[in-house]
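Okay, so here's the structure we're looking at.
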């Protein structure tokens, strides 16, 4: 394994799916020194008369042979055109090779003279066997060679083209010999590339041979490399002087011979044995061989070949070459049209001794996790939509998906849209276990792939999973099934609870989103934006900001499977220590347990009372509390962890009014009165956790019988929230023939319910009895919850509007009565004596003045003990904050001081932000980015244009500058300006500033017109660099007291010593 760096990209899988990314070493345990090489293939295939032809490809061939092209005559016979090979003959420079990845694309974009439309289509199929095994190569019958929809494409326009991808069928790929030359004393000797030769044996009984060619034997073989054919005959008497000629022919796909050998034997008047071996070298096999024929004839009387004719074929194979084979047939192409074939092949190559002197090789790097991930993904290629042959537009569209598949850390957005995200996520968790998670992967891959995906996403003829509407699946949220609303780019429905309600309901959305938006089909959508059709006016209800403060608004319910370290896995077989127990009431629900590299689902029953004697000893002390503080034995009471973070102990969102016990179940047998005989087992599973059993707990505490169904879903009040692992839970219910009722995120339930009343209705409908329904079902179980319903109905809309109306800023009018005035006077008198009562009176006045009496009264009826109000006030934002103004609008006019305080705080916050941006910019060398400059620039740091302007000119850019194109400089007129431009920068940069020109002129003056020496040039370049970068290094230079630059005039000669000193002092002054 390569431990030098951490890389989440699976490079080998990425090269397999997108060979254009280049070659990489296969991360298996074959560690030979090798070099990587990418070879291209380009061929122009000309359509013959009739416009039909055949392209045979060997996608997994490790050599330079990729396939062959055949044209078809108008009569329907095939004619061999050319072999398709890589651009370089690999065997001339390399001895061994191993294919990493390959893609071959065929399309047409040219028209012959006189043709004005690009006609013709492709049919393509990848067959797991060999070429000679395909009986019908006709265009219309070719697709029947395989039933796998991911291995064929049909009726693809030649302008679109097809792409053939090399997907390996195994992982133990050996290096193969390429047929390179070996040292020889005479002639040319080559090492045969037939690394794993095939053997064919065929016998024929008595055959009579005449004076014309008689086929004594013929059968199919497959060969692309040197082949040996041995023929054995037992020949009857041949007259002396007569001869027998035996011919061995290798036959191509067209039916014509590829190569042949003949041998003649003379008769001796007796019976004798004849044997010959025909060796066909690489230069003779110019096209794929699909058959061998053995012919015989005599120049005299007919003879009889007694006993048998035996033919043995040896050789002709290279691993990966002969199978699988891809055949692309084209039809109705204009005569003379050019089909462009292009391919990219990535290899691991071992150079020959001469090349090894000049090319560096490296060992392969073993990476078991990367190799395992690649093998698991390829083993599920059908479920993940990985095809061996594509139409080119479809292949290009899937590039982003390929990047997701080959990067184990990328979010599975595209895979999730097609329904493949769960499978890929399970593969990742299994192959790359996260260190800080308590348990490994949870989902059995093969069952999920073969069952859930195929059932939920049927395949079209093209092999692409489709939704029920026939359109490709797209990422979508939880919407009503009655409204065809797809996902919107502006709203993340995966993390936001939302309802889609028919009609326009502006009160249900925030004030800033009450203006409806238009949809493409001419309707209105309120509270959101969408690029899809809605089929009518709709309103998208999201949690309002003020609703987030309600403690009853919990996140989406989800199973959180818990396991203590001492009971991690389900290890004992079901049915151990079982016992049949009769229960008159209860409710069934499924659970999911996680173990080492596997998961399992089981059925449990919730019954009233304490039945710990039926439980496994290790969980008899485990319990969880309900909303009314009753105990549920068999549930966990330990603190559990989610993604490594500790969570509080489990408490069910349901009131049961009694203690309950949950027990594992193997089978259930119902009686006529609604009671049941339950096969209770000890299964050594850990204590149950999660809210998905809350429906069963509510029903078990209310119903007088055991319903014939299993229930799952989280109760929030009387409404049901969706839970996870629906498909796994459905398996537990289906094992004993029960339906799964509830609400799950993956749609695994058989019957979806939205409220507890729906669950009770289903429970009564499932029983063929006269049991009457008690009125308490669905009401006494309610506990601190808020609705979450996948399909909005009129009752939900009314509930929403009633709740919002109850908190509007209005109240019923009050009637002034003398008793009220007297009571208020008594309260005021009491407030003067008791400070606490004074506060209460202030609160009463505030509530009455704000019109909140009815709203708070309704709140008090639901908030027992003020728990929710206390939590809400604890998280309440401070007065005048931005969130408050966004929710409730600006403060009243009379509160001018509050408004000014808010503005002051906002200004201070902006200045603090500008200070942070300014400090970062100055650390990066932008000295001009002061706090005031950042504020004028919109509280933003320097953009690329401003940075470029500053570096090019050394001047402070203007705030708001968005584009800067430096002007080309012109040649300066005087010597100082020319020299300054040369030292300051290249001609395409901004001209040297006047200050730098003065510095250069001063140096010229000091040197009597000569240029600067080395020390002066070093100083000038450093000054130029400082001026251009604008860094603080300029402070390290002490400014010189120089006179202004002027035209150079030579000084008059001074002869006296005093005069020279006088001149120097004048210069330095």
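Cβ atoms are placed via backbone N, Cα and C, with glycine included.
Record note: among 473-503, 504-534, 535-565, 504-534 is the stretch given as region 'Disordered' by Swiss-Prot. Distance from the CA of residue 28 (divalent metal cation binding site) to the CA of residue 729 (active site) is 38 Å.
In the predicted structure, the domain 'Peptidase S50' (558-791) carries a mean pLDDT of 72. Just so you know, of the recorded positions 28, 692, 729, the Cβ with the fewest other Cβ atoms around it within 10 Å is the one at 28.
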